[in-house]
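Reading through the structure tokens given below for one structure.
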Amino acid sequence: MRLRKTRKIVVSMKDMAASGGYYIASSADKIFALSGTITGSIGVLQWLRYQRAFGSLGVKMRTYKEGKYKDSLSLFRDSTPEEDEMIQKMLSDTYNEFVQDVAKGRNQTVKSVQNLAEGRIYSGQDAFRNKLVDEIGGRKEALEELSRLCQYDGEIPLYEEEESPFDRLFMMLGSKMNSFSSERIFFREFKNSPVLVILPQAIR
């Protein structure tokens, strides 16, 4: 929101801009999304526990810590009722701040954003109908809008993040793992996992 006081910000969403991605985008002057973009997810994220999987492989995890709650979000053990209560309080505060920031960025009421939140995901078209994004379009349309807002007739330079070696390797492996794609593994693991975490943390 501070950047909007000194410059124009236009967001172009591609395949996915959900949860933290939408949190960041919500402060822009204008948001463009593709019809099939996955966005929204103002709310919850499931948290995986790996202790059973590691146990089946004969792997045991030992934790050394200083502080009673230092490993409260450990992936390798179940949380205690006391930890659940503490974490839920923190997450509720984070969730409320998330909703309030989106409402402020999108110039909507908190109640209207709450009605769209609770972790729901939306396609680009659904997000447009619910005023979570401003226009259906891609990078070309977003750049045209940025030029208009800035009253700039020249060519806008593009700076794209270079893929890391890990990203390239992951893409190569993904193309050869049709039946074991990352998406299938991701959703299979999440299917029976408890909802423990609301993301993202507040962005300052």
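FYI, residue positions are counted from 1 along the chain as it appears here.
Yeah, the Cβs are placed from backbone N, Cα and C, and that goes for glycine too.
Feature list (source: Swiss-Prot):
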SIGNAL    1-27  signal peptide
ACT_SITE  S19  active site, nucleophile
ACT_SITE  K70  active site, proton donor/acceptor
Q. Among the active-site residues listed here, S19, K70, which has the most company in the form of other Cβ atoms within 10 Å of its Cβ?
A. S19
(Q) Tell me the Cα distance separating K70 (active site, proton donor/acceptor) from S19 (active site, nucleophile), rounded to the nearest angstrom. (A) 26
